[in-house]
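Q: The structure follows.
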Number of protein chains: 2
Amino acid sequence: MENINKFQTISKQALQRLPYYLNFLKSQKAKKQSNTSASMIAEGLRLNQVQVRKDLAAVSSGGRPKTGYGTEDLISDIEQFLGYNNTHDAILIGAGNLGRSLLSYKGFEECGMKIVAAFDIDKHVAGTEAGGHPIFPMEKLEDLAGRLKVKIGIIAVPAESAQEVCDLLVGSGILAIWNFAPVYLDAPEDILIQNENMAASLAVLSKHVEEKFGR
Amino acid sequence: MENINKFQTISKQALQRLPYYLNFLKSQKAKKQSNTSASMIAEGLRLNQVQVRKDLAAVSSGGRPKTGYGTEDLISDIEQFLGYNNTHDAILIGAGNLGRSLLSYKGFEECGMKIVAAFDIDKHVAGTEAGGHPIFPMEKLEDLAGRLKVKIGIIAVPAESAQEVCDLLVGSGILAIWNFAPVYLDAPEDILIQNENMAASLAVLSKHVEEKFGR
DNA sequence: TAGATTGTTAATCGATTAACAATC
DNA sequence: TAGATTGTTAATCGATTAACAATC
C-alpha cells in the first residue's frame, strides 16, 4: 500500500516542541551520543514518551527499533522540516522599546530567520539604527518588502496601529506575521499569525503568585 | 444557595486571553464607552462570543443582561483577578543578550511585575547594570532573593545551566518561574513554570513560510 | 529467540463551541 | 411584553495518553 494519502499534519503544539528536541539532540551530539531514542528525549525533557515518538514520526522516518534515531540525522531532519536551512528574511515594524530589544537580539538567525530591515512611523527614529539594522520610514515599507521578497513581518507597534500595519504587510505579500501587539489580528486565512504577548505570559505568573501568596 | 462550592477555576488559555480583553476595555474606556458587552469584546478581538462570556464570568459578576459590563468595573475586576494591583517583585538571572533585552524593556510594570535585581555568573558582567537594574554575582542570589522576598524568577541563562538556576530559585523561596531557556524544567508542582521560547514561536512561522513558499 | 524500541489505533481528557434557560 | 444579553449545561472537537502490534 502506498502512502499517497498519508498527509502527515502536525499540531501547532507539536511544532513548538520541536525546538526543544533540537536543543536536547545538540547536547546529545556534544556528548558524542551517536544514537538517541524517543525515550531518552522524553526522559531528558520530562515529556510523555508516546508524545515524543509521535512528534518524531511526523518529522523523520529514520527511527529504528532497538537503536532509536541517529542523533545527527534526526537533527537535520528536524531542521529540514522546520525550514531552518533556508533562512527566511523578516522585517520588523515599530522600533520602540520592544522593537529595539528584538532588533538587538542575536538568537534569531540560528532559527532560520534574519531581520533585514526595520521601519518606524516616527521620522526621527527613521534614519537611525538598532542592533546593526537600519530603520526606515514607513513609506518605504511596501516598496522594500516587495523588492526584497520578505516573507515574515514582525509587528512591534502599539495595539491601536497593529491592524493597520498588518493590512500593509499582507498587501506587501508577506506570508507570516509575528505579532507582539496585544490584539488578535484579522488577516486572510492563508497568512499565519503567531501571537506573542508578554503580558499574556505575565498574567499566568502573576495570577499564580497572587493565589499562592495571598493578597 | 450559597456559592461555597463554586471554585471558579480558569484554564491557562483563558488566563492568557485576559490581557487582550484588558487592552480592548481600555480602548473602550478611552472612547468613553461606559458599558461593554461580551459580544462587543468578541467582535473587537474576533473571538467566539461564548468563550468571552465564559472567561468574563470567571472573573467578574458585574455582568447585567441587556447592558453588559461596566467598562471600568470590568477593567478593575480583571486587574484584581490577575493581581496587577499588588506589584510582584522579580529577579532575572543571566544578563546576556536576551537578559539585557528583558532588563531594558519597560512594559512589565503595568502588568504588575517589577524586576528588582539581576544576576550573572560572569564576574565581569556583575557590577555593571542594564536598563537601570544592578547586576550582581550569582553568589548573592540566595541571600538577596530571601531578604527581598522575591516571588518571581526569570531565567535567561543558556539551556545547560537552566535547571541548576531553577533549583537555586526554588531553594530561595520563589513561587513562579518565567523560563526563557529551551528546556522543560523540573520543579515541585506548586511552583509555576511558564515557558517562553522564541525559538518555539519561530518554528511555527518558519514552517508556515516553508510550506507556502516551497523549498 | 528475547528484548528494546518504533509507530499506529483506540481511549481519555480538556478546551471550545453550540444550545438553551434565566434575567433585566 | 419583547428583546438583548448573561450565564449554564450539553455536544463537539482536538490533543494527549494508553494499549498494542510490528520490527530490528
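Our numbering is plain: 1 for the first residue shown, then up by one each step along the chain.
In case you wondered, yes, glycine gets a Cβ from its N, Cα and C as well.
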Q: Between B:20-59, B:140-179, I'd like to know which one TrEMBL lists as DNA-binding region.
A: B:20-59
Q: By the count of other Cβ atoms within 10 Å, pick out the sparsest of the binding-site residues B:Gly94, B:Gly96, B:Gly99.
A: B:Gly96
Q: Sort the residues of the domain 'CoA-binding' (B:83-184) into helix, strand and coil with DSSP and give the three counts.
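A: Output for the domain 'CoA-binding' (B:83-184) reads 35 helix, 29 strand, 38 coil.
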Q: If you run through the DNA-binding region (B:20-59) with DSSP, how many residues end up as helix, strand and coil?
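A: In the DNA-binding region (B:20-59), the DSSP-based counts are 28 helix, 2 strand, 10 coil.
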Q: So which of the binding-site residues B:Gly94, B:Gly96, B:Asn97, B:Leu98, B:Gly99 end up next to chain A, with Cβ to Cβ under 8 Å?
A: B:Asn97, B:Leu98
Q: At a 10 Å cut-off from the C-beta of B:Ala95 (NAD(+) binding site), count the other C-beta atoms across all protein chains.
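A: A 10 Å sphere around the Cβ of B:Ala95 (NAD(+) binding site) contains 26 other Cβ atoms.
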Q: When neighbour density is defined as the number of other C-beta atoms within 10 angstroms of a residue's C-beta, which of the binding-site residues B:Asn97, B:Leu98 has the lowest density?
A: B:Asn97
